[in-house]
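Written out below as structure tokens is the structure these notes cover.
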Amino acid sequence: MRVFSSIDELRHTLDALKRQGRNVGLVPTMGYLHAGHMELVARARAENDIVVVSIFVNPLQFGPAEDLSKYPRDLERDAAMLKQAGVNFLFAPGVGDMYPRPMKTVVDIPDLGRELEGAVRPGHFAGVATVVSKLFNIVQPQTAYFGEKDYQQVVIIKRMVEDLAVPVRVISVPTVRDADGLALSSRNVYLSLEERRAAVIVPQTLDEAERLIGDGLTDAKTLEAKLTEFLGREPLARPEVVAVRDATTLEPVTSIGGSVVVALFVRVGSTRLLDNRVIGDNRTIGGRNQPGKGVTK
């Protein structure tokens, strides 16, 4: 596995391989890899000749009071995991490599990016869309892989690709979970033992949503209220977003029919946990790009 920090050097290497007819898959990450990331890598390895994994903690997607400075980092560990997994190239630029001058250009999807998680993290999704757009321009992959834990992010990136006619197929991969159902996340390392035990309320709330819908509940506002009440059983959990949306568009729904996504954004202690579940048939995340095959694994 070769490691790059230079945009020009990576481009030069990939251009030569593409001229040989090799197709390229990209897995964008912020590092501190876990089994969920490695599932993305495995999917990319199975479907592409060349796999590029990027590790970049993107300052544009962090608010001023968020955890940019303490976000977990261990590039040596990550590189060893990726090498063992058969990744061809690791792109690990510094901030100066990605943003040599202050950014004057921003990619924004105003409606989608200001809803749900975007409502409590202003500017977050503009930062995500901007860095992903730049990574797509640098690597120019045929396919790119994202985890469904970040469901809203997948919808936004697919919409960006469609609106801007970016020739990249966006593939979403099911969420990987611990044995008790908690979605794997690099930020789980922040949880104390007590908070980690409390965090199981998040996947349990998704189970409760599925049960309530299965029992015939169809009013979205009633479901949101019941799920908020359910989360309140755990004193360490503070719900910030409890929402039922159309699974394809993320538009609000009043009546539950077809496919909906139940989206949760819950603070446990000082750590924000993000999770979701799609309930219903015929799911298509964000439109035309190819979705994953499920939500849990």
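Cβ atoms here come from the backbone N, Cα and C positions, even for glycine.
Marked as active site, proton donor by Swiss-Prot on the basis of sequence analysis: H37. According to Swiss-Prot, the feature ATP binding site maps to 30-37, 147-150, V176, 184-187, an assignment based on sequence analysis. Per Swiss-Prot, (R)-pantoate binding site is recorded for Q61, Q153, and the stated evidence type is sequence analysis. What Swiss-Prot lists as beta-alanine binding site is Q61.
Features recorded in Swiss-Prot, as mapped to the structure shown.
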residue	record	Cβ contacts under 8 Å, 6 or more apart
M30	ATP binding site	I55, F56, V57, N58, Y71, S186
L33	ATP binding site	R77, D78, M81, L82, S186
G36	ATP binding site	G147, K149, T175, V176, A183, L184, S185
H37	active site, proton donor	V27, T29, G147
Q61	(R)-pantoate binding site	G123, H124, F125, G127, V128, V131
Q153	(R)-pantoate binding site	F125, V128, F146
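DSSP classifies E148 (ATP binding site) as helix under the three-state reduction. The secondary structure of V176 (ATP binding site), as reduced to three states from DSSP, is coil rather than helix or strand. In the three-state DSSP classification, S186 (ATP binding site) falls within a helix.
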